[in-house]
Amino acid sequence: KPKQSGHALWVGNLPLVTTVLDLRDMFASPAIESVFLISKSNCAFVNYSSDVAVRDALDKFKRSGGLLKGTKLVARMQRGSIADRTAPTHEDDATEPASLAGEPGGSTAIAPQPRAHRPDAFFVVKSLTVEDLELSVQTGVWATQAHNERVLNDAYDSGDNVYLIFSANKSGEYFGYARMAGPIVPEEASEETLIVQHQHQSTDLPKTTYTPATATSPAGRIIDDSSRGTIFWEVISEPSTSDTALPSAASSSTAPTSPISDASVLKSWGTPFKVTWISTTRVPFFKTKGLKNAWNANRDVKIARDGTELEPSVGRKLLQLF
């Protein structure tokens, strides 16, 4: 389930074919945080960042007539909202979100320009889960964010080897490394796509679908854990100060950073492509102490985003640790 903010609307009398995106769009607001659909009860909870946002959403709902696909919905503030502590509610237990099974997350660092011919290129690649990396080892297939594809293809076309060094978010280690076995070519991806889809369908892992920002709601993701009867949408929020991504250009250079983060994923996922796994030996981050990436402001190599390119000499030293 999504995290509950304590500022929520309970929505009932849902049509049988209601989806979480139907509800997100109906109750959209810049302050929306999550939508938890309970299909078997024909109801849902819509969480917001504040009580003011809940009241605004309820007022908007009443003004609109409250119709969804021809059905009149019922909505009221959930108990726990400051403005409506005595209102009748539908109780629900708050738990942490289910584990995510998705494609790599994070933002791409800018590759050195222009790209000269280099025999070997080295990139850090992030995954939301270890399970996705294990799946890639089985299938020999990976998919990165669409905006990473050009950089990887440029490296592949201008050199002999493109090494991808993988790490799962919050794992504190590198999972292993692989070599690109060919360029990323969309029209040739049908077979690889089927392999990835088949493998995901054969596992008991939740499915993650990323949704872009709209004019009325922020970017988010749908977590579909149908095997456990759970489906919800949640906003992709910025990491907390205890698990912070690399600082932006506008932030302080002394701001704390973390090597791994669930940074916002605003782009669509790209084309599956073939990789050749060379090593799955785990390398803890502490073993990389002293390795600095000159192409990333001379930061420690462990501090990187999905798609960060490593200066070749440090890339080779990192591979020697596997």
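Positions of Cβ are set from backbone N, Cα and C atoms, glycine also.
Automatic prediction, not curation, is the source of TrEMBL annotations.
Sequence annotations record features per position, and here TrEMBL assigns domain 'RRM' to 7-80. Per-class residue totals from DSSP over the domain 'RRM' (7-80), listed helix then strand then coil: 24 helix, 27 strand, 23 coil.
What TrEMBL records for 79-113 (among others) is region 'Disordered'.
Per TrEMBL, the feature domain 'YTH' maps to 120-322.
As annotated by TrEMBL, region 'Disordered' applies to 200-219 (among others).
Per TrEMBL, compositional bias 'Low complexity' is recorded for 206-219.
Residues or ranges marked as region 'Disordered' in TrEMBL: 242-261 (among others).
In the compositional bias 'Low complexity' (206-219), the DSSP tally of helix, strand and coil residues is 0 helix, 5 strand, 9 coil.
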